[in-house]
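Swiss-Prot has this to say about the protein:
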type    : residues                                                                               : note
BINDING : SER207, SER208, GLY209, THR210, SER211, LYS215, GLN348, GLY349, THR353, ASP438, ARG453 : ATP binding site
BINDING : TYR258, ALA326, GLN348, GLY349, THR353, LYS455, LYS459                                 : (E)-4-coumaroyl-AMP binding site
BINDING : ARG279, LYS461, GLY462                                                                 : CoA binding site
REGION  : 281-348                                                                                : region 'SBD1'
REGION  : 349-419                                                                                : region 'SBD2'
Amino acid sequence: MQPDAAATAHPSLSFYSAATGLYSSLHPPLPLPSDPSLSLVPHLFSHLPLHHHSLLVDAPTAATLSCADFRRLVSSLAAGLRRRLHIARGSLVLLLLPNSLTFPVAFLAVLATGAVATTMNPSSAPAEIAARLRDTAPSLVLASTHNAAKLPPLAAPLVLVPDTFQQQHDDDQFDFFFHALLETDPETPVEMGVGVGQDDAAAVLYSSGTSGRSKGVVVTHRNLIAMVELFVRFEASQYTRPARDNVYLAALPMFHVYGLSLFAVGLLSLGCTVVVMRRFNVDDAVKAIRKYKVTHLPLVPPIMSALLRANPPLELDSLLQVSSGAAPLNHTLIHHFLHAFPHVDFIQGYGMTESTAVGTRGFNTCKHKKYASVGLLAPNMHAKIVHLESGSCLPPGSYGELWLHGPAIMKEFCFVTGYLNDDDDAFTRKDGWLRTGDIAYFDSDGYLFIVGRLKDTIKYKGFQIAPADLEAVLIRHPEIIDVAVTSDEDEEAGEIPVAFVVRKSGSTLSCTHVMEYVAKQVRTRRSYTTQHSPYFLAWEHYKIIITASAQSAFLLARVSNSSKNGSLQALCPPVQINMADIS
């Protein structure tokens, strides 16, 4: 994609200041709450409708929670956590939960106690869970019965959480959840967010950042309130259709910032209906869309690809809008989607864990339908496009690194136990600006286009994979003396990981053995086949040292050519490294 040629003339544009190099939102600024003692849950409840509308629906069982049910359950669980387990300000609670009706209740109840919540994929391998427990030292773990058996030894209390509020179980830990819900009379008001305010930490959400191993992103109550107002509620205000009439399908994981911001927090303030899927499956999603007359479907590129591959082609008449985020979409996929679903309003958005999912949002108008763009800057947000070498600010039509500034930008990184800044925190957040690591440009209408990435994280189906995390797993193998992990492009997944392995001299380590080793250490999913599958290569007589960075792409191309003349030995034909999968 080429930048807008008209922008190269640098006209006088309302969203760009040539004097400062800053980009501002074309949307008017929105007032945000000024009370420093305000926390997320009271703010959310101030918007939550009082009528007995179905706020949450469990897609598999059709169980529902009304707005009144939801308010009561959050209040009751918060009181139970305080009184029975002494969860309060200074506590950290790990949510190891799948999508369910109970996830939003549990997440907000933890915040209502004044504690900090941290989320994790419930399908994580025991070694990954153990590492997270070491990093965060939680006061309490909330887990599902589906993954309780594989939990490593815990130093903190464990409470098993059901998928719905009608579920029964013989386990005493499971029963505690229900007893905690009975701690307060439904009619008795419960004080929310005791002792915490807007500047206090609310959640630690893990991200690969721009480099290195995964680290915790500390987001505050102010960040989450800004997300509710600048992302979810602002977008709803731009349409004439009442938000309460919308039905959203929650096919994205709530442990990820994209799903969390929408389904466990923001959309609840609108009083619309959220239909919750445990995990994405095309057939189940289609059934849910038709059964519940879903109007809005937030998704990531692999879900869009799966919908387009359905045979016979789908007819989803109730859908009004599909929004894509978390990973780039290629032009071919966009074209096919617009052709298959011409009645659907398709938009893209841009946000990061570090920006609490706030950044840009697409809006289609009679004048502008820029489907390949990630949209306009959100209200109250500012941006820079920074030259990669000189550090100077660039005008519209010029490529550079995207920097963001605004009330949704994270507080800090935490990397080890406690809220300690990681070494690259100052690099990532410079004078309040978030360096995204993404290469982008603004066109002459203020629309943002993402064209590449500086950072070495791998975007697999919308999930971030840190090469350093995979390298740390592989290098622990006794027959591997060096390893470099990079990525290769893939039409369906976006990117897939590739590992270059150096074996010990004389080792007969095979690709199959390496794969079996990785599978025991890293969360895996069902096989995923592609013509551009990743593969292992080994060097026995000499060693190449390379970090997983921009050099890796160059190495990948060189390796492909070198292997043809025998200078490199392929351990086996191309195979798949099974990574996180939302399907």
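A Cβ is built for glycine as well, from the same backbone N, Cα and C atoms used for every other residue.
Shown on the structure are the features that Swiss-Prot records.
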| residue | record | DSSP (3 states) |
| --- | --- | --- |
| SER207 | ATP binding site | strand |
| TYR258 | (E)-4-coumaroyl-AMP binding site | helix |
| ARG279 | CoA binding site | coil |
| ALA326 | (E)-4-coumaroyl-AMP binding site | coil |
| GLN348 | ATP binding site | strand |
| THR353 | ATP binding site | helix |
| ARG453 | ATP binding site | strand |
| LYS459 | (E)-4-coumaroyl-AMP binding site | strand |
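The binding-site residues shown are SER207, ARG279, ARG453; of these, the one with its CA atom nearest the CA of GLY349 ((E)-4-coumaroyl-AMP binding site) is ARG453. In this structure, the binding-site residues under consideration are ARG279, ARG453, LYS459, and the one with the smallest number of other Cβ atoms within 10 Å of its Cβ is ARG279. Here the CA atom of ARG279 (CoA binding site) lies 21 Å from the CA atom of THR353 (ATP binding site). Geometry remark: ARG453 (ATP binding site) versus ARG279 (CoA binding site), CA distance 28 Å. Note on GLY349 ((E)-4-coumaroyl-AMP binding site): other Cβ atoms within 10 Å of its Cβ, all shown chains, come to 23. The binding-site residues examined here are SER207, GLN348, THR353; by Cβ neighbour count within 10 Å, the least packed of them is SER207.
Taking the Cβ of TYR258 ((E)-4-coumaroyl-AMP binding site) as centre and 10 Å as the limit, one finds 23 other Cβ atoms among all the protein chains shown. Closest to GLN348 (ATP binding site) in space, going by CA atoms and restricting to the binding-site residues TYR258, ARG279, ALA326, LYS459, is ALA326. Comparing TYR258 ((E)-4-coumaroyl-AMP binding site) with SER207 (ATP binding site), their Cα atoms are 12 Å apart once rounded. Cβ neighbour count for ALA326 ((E)-4-coumaroyl-AMP binding site) (all protein chains, 10 Å cutoff from its Cβ): 27.
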